[in-house]
Amino acid sequence: MGVYIPPGSGGNDNGKSGGSGDNTLTIPNPASFIPQNPSLGLRLWGPLVPASDNLPALYFLTSLQIGIGLLSFNKVRYLRRSNLARFGIENTWQRRSTKWLCAIGGSYLVYQSGIEMSRLAMPYDPWYDEAKFYRKLAIKNGDNPSWWFGATGYYKPMNYKEWYTKIDKWFNNQINIIDAEHENVDTASSQVSTRGKHPQSPLLSSLSRKGKYSEIYQSLHESNIKRYKKLLDQSLKDVNELNKAERLDLIMEGKSSIKYNEEYLKPHIQLGNHRIDTDEEFEMVWLNFEPWDELKMETDYDIRLVPRWRWSEDEDVEASSTESVPTEPTTNLVNEVDESHI
């Protein structure tokens, strides 16, 4: 958001040419400097709400709000037992209004704190994932985001409606997953007990919800076992370290069944020895290596702007105007000048 200040009525100020100056002044919105971290039960704190991925700060602020609510309840008990004469509140109406105000305020603070604690106890929080992602992005770009407020300048947090939609979708998925696990737990256990199958990785076991992915994995595993047994028994039967030099010579001379591809270039993308069995490990590998950035750096591309039409109308107008200019007055003028000199 900005404010546009138009130039003066004279166009050029102090005789300066307007071609080199820029009269546009952009004033940033002051609200953009105020952190706007989302929350369910800490809205009373306004811009002091910490980032959604800063769990220690959220727990501290929630505990502080609960403490203020409990102090309000203690104030209500104190007002009930004392006559409040020493505080200058001798009127019964003032005493009752103060008591009810403390009771309502304390109840509201404790209730809001309970809502916030329930959000922090949830295993999935879209606000947490969003704040954590942009904090990592800011650190990767060389910035130092605030420990309390997070990377507020990199994104605008999602609103409550979008957050609620994602939470509702996640709950429905979890319900479907639990129902599917209860239905297939007996069949899966019987299959594993009868067949001595290869154990699944944690990532694959998390994907095998209704048995589809586990069946695909088992079929691929069995086909791979058959393939490498066939290779070891047939084409790779005589392959060992003793005849390695001889085999390499035959490959380089082109006399082997294995052909050497001289145009092959080894890809630059290397993931190292990192495991990606869990979502956290996969996210760490993806953020550190960024395969799409590697591919973008190794891809050469040219951009050419080709016009879709030719501006022939102006050229035709100029040509017709030059043809229609008469040349006789010019020749007469030259003759008159020559006669005057004579």
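The backbone N, Cα and C atoms fix where each Cβ goes, glycine too.
Among the features that Swiss-Prot reports, compositional bias 'Gly residues' is placed at 8-21.
Feature annotation from Swiss-Prot assigns compositional bias 'Low complexity' to 319-331.
The region 'Disordered' feature in Swiss-Prot is assigned to 1-28 (among others).
If you look up Swiss-Prot, you'll see 317-342 (among others) marked as region 'Disordered'.
Per Swiss-Prot, topological domain 'Mitochondrial intermembrane' is recorded for 1-56 (among others).
According to Swiss-Prot, the topological domain 'Mitochondrial matrix' annotation covers 74-99.
The feature topological domain 'Mitochondrial intermembrane' is assigned by Swiss-Prot to 118-342 (among others), with similarity to another entry given as support.
Through the fold, the transmembrane segment (57-73) approaches residues 39, 41-42, 44-45, 48-51, 102-103, 105-110, 112-113, 116-117, 120, 147-148 of its own chain, all at least 6 residues removed from its boundaries and within a Cβ separation under 8 Å. Residues or ranges marked as transmembrane segment in Swiss-Prot (evidence: sequence analysis): 57-73 (among others).
Residues or ranges marked as transmembrane segment in Swiss-Prot: 100-117 (among others).
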Request  = Restricting attention to the topological domain 'Mitochondrial matrix' (74-99), give the mean pLDDT.
outcome  = 66
